[in-house]
Amino acid sequence: MNVSQLLSDATQRIAAAIDLPLREARLEARVLASHAWQVDAAWLIAHDTDSVLAVHAAQFQTLLSRRLQGTPIAYLVGLREFFGRSFEVSADVLIPRPDTELLVERALATLPPDQPVEVLDMGTGSGCIAITLALECPRARVTAVDCSPAALTMAQRNAVRLSAPIEYVVSNWFAALGVLRFDLIVSNPPYIANQDPHLARGDVRFEPLTALASGPDGLDDLRHLIHAARDHLKPGAGLLLEHGYDQSDAVLDLLRKNGIAQAQSWADLSGTLRVSGGKLSE
Ligand code: GLN
């Protein structure tokens, strides 16, 4: 079998097993081959009529069979791009999503570029938010919190790879933070309802449930975060939260009831209100 035949066979199988359009399945087949053989996309094109060595075919089939069982591509190749940088990921952390770039954009819009500010990322996972903020806003001192030591280890690896200075704290939300206060708190907390059928479909089946699900209405952690944030924000400091597509009214209500002024929501690229926040009244 040559490279081109192997890729088109894999494309058909991925499309059928994962229910993907052929164009995406073809891209996935190429990504898996590039990763299995440590070659780039140009190599695959230049060598499409080369026959594939048995050992290379076996390496590719191992990855392909895991993909056919549903394992996310990001976990198979161990990387996912976020805000123009490549982050290492494993099954210990949520896969960074383009939606979350909105949270980063809103945070950058509020951070003064020329003053030192203390920023907290709650539930950092891969570290993609904390690290992006630290690199885009070098005067920010960024603290990253996660309750999972394995997640924080991954965040730390990413920070080292990308040379981002980050402070790490293992903590169940604010529990270990004492009386520390920040100029900005950001979070992409779990916000899916426990019984939401989406949890049983696609990539999310393989992601850490503690990073996804949050009580009967998905708002348990957001309620806790918004309530507790008041004790960790300096006067006038900002709070920015990602939430579910239908949660902006509930989150705005919680923000207002907890002393957060100028509460508003912002839409992501698909027009969904995805981030809400405001400032602690002075
Ligand atoms: N946006 C993710 C999803 O819908 C969920 C991420 C989260 O719960 N923070 O799959």
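Placement of Cβ uses the backbone N, Cα and C atoms for every residue, glycine included.
TrEMBL annotations: computationally assigned, not manually curated.
TrEMBL lists 5-78 with the feature domain 'Release factor glutamine methyltransferase N-terminal'.
The annotation domain 'Methyltransferase small' is assigned in TrEMBL to 108-196.
The S-adenosyl-L-methionine binding site annotation in TrEMBL covers GLY123, THR124, GLY125, SER126, GLY127, ASP146, TRP173, ASN188. DSSP assigns GLY123 (S-adenosyl-L-methionine binding site) to coil in the three-state reduction, placing it in neither a helix nor a strand.
Taken from TrEMBL, the feature substrate binding site applies to ASN188, PRO189, PRO190, TYR191. There are 21 other Cβ atoms within 10 Å of the Cβ belonging to PRO189 (substrate binding site).
Cβ neighbour counts within 10 Å, taken over all protein chains shown, single out GLY127 as the most crowded of the binding-site residues GLY125, GLY127. Taking a C-beta cut-off of under 8 Å and a sequence gap of six or more, THR124 (S-adenosyl-L-methionine binding site) has these contacts in its own chain: ALA130, ALA144, VAL145, ASP146, ALA151, LEU152, ALA155. Note: the CA-CA distance between TRP173 (S-adenosyl-L-methionine binding site) and PRO189 (substrate binding site) rounds to 10 Å.
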